[in-house]
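Asks: Have a look at the structure that comes next, please.
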Amino acid sequence: LLKSSRDAKKAAYMPYSKFPVGAALLCADGTVIKGCNVENASYGLSICAERTAIVKAVSEGYRKFKAIAISSDLKNSHIVPCGACRQFLVEFGTDWDVYMTKPDLSYKMMKTGELLPLSFVPESLEEERLSNSIKG
């Protein structure tokens, strides 16, 4: 999975930042789906590698994931998901693995829920619906 994320980085479209990122997402059935960052001249429309991989997986019908590995060219620290990606990850569960790597493939692993504690998850909406039905 770590090597697949490094391979995915090669496809990155990053004409502005020159900062390639790759991700490899391990689906529950063992399928690996790769993603890379895709930048846009309208910077806010850029998408990170993690979200690219998840969007590709969801578009193919996958909803359950075991792990994701993320790679970049950072040499002195492990690549970590941005806040938006952390929220995207916990949408699909708070107990799957995130491998944050360096180019030498050393890594740190954390669970999705550890990366975004006190997160807003699908169950949060259900709690709100239940609360409103009790009140109303």
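Yeah, the Cβs are placed from backbone N, Cα and C, and that goes for glycine too.
Found this in TrEMBL, in case it helps:
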- 1-123: domain 'CMP/dCMP-type deaminase' (DOMAIN)
- N37, V38, E39, N40, A41, S42, Y43: substrate binding site (BINDING)
- C48, C82, C85: Zn(2+) binding site (BINDING)
- E50: active site, proton donor (ACT_SITE)
Asks: If you draw a 10 Å sphere on the Cβ of N37 (substrate binding site), how many other Cβ atoms land inside?
Replies: 24
Asks: In terms of DSSP three-state secondary structure, what is the assignment for C82 (Zn(2+) binding site)?
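Replies: Assignment for C82 (Zn(2+) binding site) reads coil.
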Asks: To the nearest whole angstrom, what is the C-alpha distance linking Y43 (substrate binding site) and E50 (active site, proton donor)?
Replies: 17
Asks: Would you mind sorting out which of E50, C82, C85 (the recorded positions) have a C-alpha within 10 A of the one on E39 (substrate binding site)?
Replies: none
Asks: What is the interatomic distance between the Cα atoms of C82 (Zn(2+) binding site) and the residue listed as 'active site, proton donor', given in whole Å?
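Replies: With the alpha carbons as reference points, the distance is 9 Å.
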